[in-house]
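What follows is a short report on a single structure.
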Amino acid sequence: MHPITYYPVDTQRLVRSNAERIRHKPYAHYFNPDVAVPEEVFAALKAPLEPEQVLGTSSTELNRLLEPGYLEGETGYCGLPDGAGYTSSLVRFPGATPEMFRWWFWWHSFEPERYSLWHPWCHADIWRTDPETETAPNLTDEQRYVGSTHHINEYIGQDPLDIEITFIDPARWGFDADGFAAAGIGAHACGSVLMKGSHMRLATMVHLARITDDGFELRSRYWIADRAEPRHDPVAGIAQLTTVPGFSGERQAYEQLVHDQTEFNHLATFLPDIYQEFGPR
């Protein structure tokens, strides 16, 4: 593992604020600003993927993620001809289980301090409109986040983003969810990412946790500014994010790869332990 050594100035302020805010929380001992990524990731950051390595969003393409083995370009980024972007990311979680992943995806969302554990430098705030879901009886882990919207403030690179992520049943996008178990997929977190305020679609996000001999591996895909699908009326005159002057899908895809690799490799360092301490009894 190699440490991340570039921290934009605003994220330097944020990590200090996060460290102070979390001090009196019972899980404060999991706050660790030392973040690192595997050496092989750096090669993926030096040049974009080739067009033939980009996975599409049709049901046929998405279900290639259920096939045994790996696809070309499991970790990488690129811009697309229409100005959109694409990010793929593979992160391994030794000693962890899909049950831990499902628990984390609802547990972290009810306090910003929990959220900051995941990426101390870039995660600023999170809240939900359904706080009662945290303690509601007789819900599965999936039911505590699928169908819910997480309101998030974070940095992707040096850019602060106010976004909303609505988590969905992956079958809605054409995944053969009935085939997940046979493919070794034990958990998922798929969602639509919208810009807060304008409700312009920022990304389509897929996380699939596939069981391995020593834990699980997380295979992620982001299609950035892939289509116009506002949940509410968009800002007048703007139909899609790629039409915004100065928007670069390629740059956003690159920064998303750095962010994803950093946060999920960091989560892998403490997920088994925090689940053991704060997970279900």
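Glycine too: its Cβ is placed from the backbone N, Cα and C atoms.
The shown structure was predicted, so the numbers you read here are calculated from the model rather than taken from an experiment.
Around the Cβ of Met205 (substrate binding site), 21 further Cβ atoms fall within 10 Å across all displayed protein chains. The substrate binding site feature in Swiss-Prot is assigned to Tyr115, Glu154, Met205, Val206, His207, Tyr222; the stated evidence is experimental evidence.
Every protein chain shown contributes to the tally, and the Cβ of His123 (Zn(2+) binding site) ends up with 25 other Cβ atoms within 10 Å. Residues annotated as Zn(2+) binding site in Swiss-Prot, with similarity to another entry given as evidence: His123, Glu154, His259, Glu263.
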### Query
If you measure from the Cα of Glu263 (Zn(2+) binding site), which of the binding-site residues Tyr115, Val206, Tyr222 is the nearest?
Tyr115
## Note on the structure
Of the binding-site residues listed (Tyr115, Tyr222), the greatest number of other CB atoms within 10 A surrounds the CB of Tyr222
### Query
So, in DSSP terms, is Tyr115 (substrate binding site) helix, strand, or coil?
helix
